[in-house]
Amino acid sequence: MPSATAAKAKKANANANLKSKVNKAPAVTEIDEQSGHSEDESDFGSELDVEDESAASDEEDEDEDEDEHDLEEGVSDEGEGVSDEEEGVSDEDEDEENQSAGSGSDSDSDSLDSDAPRKRRRTSPTIDDIVTQLEDEEEDDTPVAPVKPVFNNVPSRIKKKQAEAPKTEKTEEATPALPVPEPASTVSVPIDANTTFDALNVRPWLVQSLANMAIKRPTGIQKGCIPEILKGRDCIGGSRTGSGKTVAFAVPILQQWAANPSAIFGVILTPTRELALQIMEQVIALSQPHVLKAVLITGGADMRKQAIDLAKRPHLVIATPGRLADHIRTSGEDTICGLRRVKFIVLDEADRLLANSGHGSMLPDVEECFSVLPPPSERQTLLFTATMTPEVKALSERPPIPGRAPVFVCEVDTQRLAIPATLRQMHLQVPVTHREHYLHMFLLTPQNVDKSVIIFCNRTSTADFLHHLLRLLDHRVTSLHSKLPQSQRIDNLGRFRASAARILVATDVAARGLDIPEVKIVINYDIPRDPDDYIHRVGRTARAGRKGDAVTFVGQRDVDLVLAIEQRVGRQMEAWTEEGVNLETRVIRDALKVVGEKKREALLEIEEQKEVGGKRKRGKEKLRAM
């Protein structure tokens, strides 16, 4: 066969060249070192020696290039590149090949022999790429299959253990720090609906006073708190709006006072003047037939008269923190010495009093008031709120006072049912530019025209503007906000309680504690920024099991605020509807022109500093003279 003969001749020629190269290996090494050639030429000699031994079995090499030097250089380069990338040959193997190529011995050349280059030499150049891809797929699939579960499962188990470990540590660390267990295990509220005040160890004269005020059965917060307070324990009571928190702390205080009357027996702190006045009226009514001396210490009144009243040692002081702190700083020791023997201290709406929110915070004044009160071991401290904030909860985690029973916590519907079940929450979408038009027509719908309404605003300027506007539109309206004199605030609230005014436009000073049973609708003209403020606002209606509606005006930019409120109260607002009423049509037909004209008149009255009704406001000098 000519081809076989030619192949044998080629191999003989190659063998002769190989022997000559081996004999001249040192010279070649020196040339390579001087010229900087790669080790491929040295590899070429060793690979030819291997090929000479396996030439009889490899018929595919007959199609190779006649120039064995060029062919072997290309194959060697390709073999090294592929072996590095696909076969995983390490850099240490390459270093050994370089050293063996420099030595030029046959034994060193044999050490370069490996299965990977020999396999490539036996495959044809045409099929080489395909075979390499198949080998790569097999090599990739083989190690990856068992590795996947290793990397997927092991770290997850580690993370799980790490996630569980801190919880256990936190629980072990937090448990001894708590002075009391969970509220549910601390106070067992009687679930019997027929429970009476007599069963709570309330004195008969107080039961009769409660009956005279149409209070026949205790509520949940009253069932839980009254017996424990009578035992001398400090209390943190949380319950939704309109659940009778004032009675829960007033009854045990009055019962203890009647048994041992003394000067300044208790101090009650509230965040607003109107709430302080309301508590004073309720406490005096409950104290009948006993004669209780109570003093109201709030802003807007003469401090000299208040100082004289404090010096007379009244039985009970109902105050706002700011004004009482002013007396502590400025009045003499004769005025405030009676505060050092107080038996009870009550923080009503404690979440607002203890809020440390920077501007407008009452906490510094509260701390000033506590600075002259007896130490905790010599008094009872009672906290009541409708929203359990972190500041309030932190007080329950304090260590118990030595020699005293631990603080007990009674929470009734403060989180899941912060909104009464009898309250309907609704929203009304209104354009920002025509909010007043929609308000006017909403108040005149057949279902709302006779109902008592409270409209809440975020700013005193907005409340003042709506007061002017609604009066010009012939609504029976009054207002309540911090820019009004105290005497006018009391008069306006009295008019609304007596139904002389159907609508009360107010800021958040009226959002807490005020108990006006006749209120049927609460309108959020401006949406509050804090969802807890929303809870207190809508709590002015649907009190003590009565029904009520809360309607929130929603503009284009108020969606996020509404979603936050819904998440906080756990209930979604429904769209406001009234049968047979298309509010948008009524606004376009009846309100655009009329409300626009009255709006300009109201703004003009405010600019001219006129009171509601068109009378010019009296100057400060005349007010002081009176």
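Don't overthink the numbers, they just go from 1 along the chain as shown.
Backbone N, Cα and C define each Cβ position, glycine as well.
Quick caveat, the model's predicted, so the values are computed rather than measured.
Listed ranges 244-247, 348-351, 412-415; the one Swiss-Prot annotates as motif 'DEAD box' is 348-351. Matching 195-223, 369-397, 485-513 against Swiss-Prot, the residues noted as motif 'Q motif' span 195-223. Surrounding the centroid of the Cβ atoms of SER239, ARG240, THR241, GLY242, SER243, GLY244, LYS245, THR246, where the record places ATP, the chain contributes additional residues within 8 Å, namely THR219, ILE221, ALA386, ARG543. Take the binding-site residues GLY242, GLY244: by the count of other Cβ atoms within 10 Å of each Cβ, the lowest one is GLY244. Sequence-distant contacts of the motif 'DEAD box' (348-351) (same chain, at least 6 residues past either end, Cβ-Cβ under 8 Å): 236, 245-246, 249, 268-271, 275, 279, 383-389, 391-392, 512-513, 532. Counting residues of the motif 'Q motif' (195-223) by DSSP class, helix then strand then coil, yields 16 helix, 0 strand, 13 coil.
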